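Taken from TrEMBL, the feature active site, charge relay system applies to LYS100, SER175. Look at TrEMBL and you will find SER199 tagged as active site, acyl-ester intermediate. The annotation domain 'Amidase' is assigned in TrEMBL to 38-477.
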Amino acid sequence: MRRMRTPKKCPPIVNKLLLIPATEMARKIRQQEITSEEVVMAYIMRCREVNPIINAVVENRFDAALEEAREADRFVRSGIKTEEALAYDTPLFGIPVTVKESVAVKGMSNNAGVKLKHPVKARDDADVVKRVRIAGGIPLLVSNTPELCMCWETFNNVTGTSWNPYDTRRTPGGSSGGEAALLGSGASLLGIASDIGGSARLPALFCGVYGHKPSPGWIGIDGHTPTCDDPAWPTFFTIGPMVRYAQDLAMFLNIMVQPGLENNRLNEEVRLNDIKVFYVENFNSNVLNRIDPEIITGIRKLVNHFENGHKLKVQKAELPDVKHAFEASVMMLLELDGVDTIFKKGSDPREWKSVTVEVLKYITGMSSHILTNVMYGVLKKFANTLPENYKKLMYEKNNAIERQFKDLLGENGVLICPTFSSAAHFPYEIFSKICDVTYMMIFNSIGLPVTQCPLGLNNEGLPIGVQIVGNVGCDHLTIAVAREIERVFGGWQEPSSCDAVV
């Protein structure tokens, strides 16, 4: 029904401050060309302008952010620190940052879309938010996420449904859909997201921005809801940056990484002529949908650019076991124990309430939870009944896929790969394409860094894009390629004709 409703135009961006990358914006603030207060106010006004259309904000801290911005301006005028010292100590000085609601921001909603009798406010900042604050960043708001981050669309029974700024009849993806919608609409510049199975990359694709899943262990994950005590969780789950401009990725990621990982090569200059580039157009699996022709065309244009513009011999990747990526990655996900779920009885996440009862409540309209959370319980129980020899086979396939990717990429290789089978779709269509999240989830399962990059708009005006995959610790390579893609393909494009449903 939603696709039949009448659309209207979304306001174009008027304030040019909203079109300046964060690295350049921070320099202008340090040099007193502009003030942090002006920047923060510009983003507050844009949020107020577009949020009635995209419904991405759970709770804001606009007044506190403005006061922090004024304090930053007073500090820079005082001259206590030189411009160089400010750049070194606080590279995000005075820059507003938006945060997915599942990541704790002190004093703000931290319920991850769960409907509670007594909603929770974060008592402290998550580790990553602390690091952003230390670097001078100013948290602006917390953004919408599906219940417990368990969906590739963004809707819950508290804040409601978030919408795509390029066509608000469609989803922004999930679970970091609120962040992506804000970034895509020009209402955010830098976002803190999380990724388990593509939760940052799919929304980044659907909303035409950049989403990075970092190498495992790079960014602290304390302060995220939900969490899990399974030893494999820190490999599968990551917190990472979403940005509107590729040039901000390395800077923002470098701020987010944990102490002791300063030698991450993010500041290293990458000579694109020296890297190896591989590509795949699909995973040759019978359970996956056909990749949209416009995405295939984008991949081929990118391959041609590296071959002709950089004189590289781009090779089609030979990954014989990747056709088993769906079964293997789903099994790895369902084998995670101790995940916070709607079925948790008490403090121990392994003690579950009845799945059958919750299914019946959902069917009869008595459940307060969304379908994907209920279905997770069904799938988890089903996975527990599978024969051990089948589980062992899936572990072996996952390990084989990991070896094949790592052997292919080496120390200086990147892979161009589809992010998903299509551009943004209408609500609930994810359930007919659920297997296609394999293109993202396999890289959680095998722990490789990935950057989602926009390649422009399709013939419906919707963003399309690709993933750039690197080996563990080679985030600097995927980000360098992202910057080149931005230079050639233009990066984020303003949704000046985005639709709002009336």
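Including glycine, each Cβ sits where the backbone N, Cα and C put it.
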Under 8 Å Cβ-Cβ from SER175 (active site, charge relay system), six or more apart in the same chain: what's there?
-> LYS100, SER102, THR145, PRO146, CYS149, MET150, CYS151, TRP152, THR154, SER194, SER199, PRO203
Ranked by the number of other Cβ atoms within 10 Å of their own Cβ, which of the active-site residues LYS100, SER199 ranks first?
-> SER199
DSSP-derived class (H/G/I helix, E/B strand, else coil) of LYS100 (active site, charge relay system) | strand
The average per-residue pLDDT within the domain 'Amidase' (38-477) comes out at 97
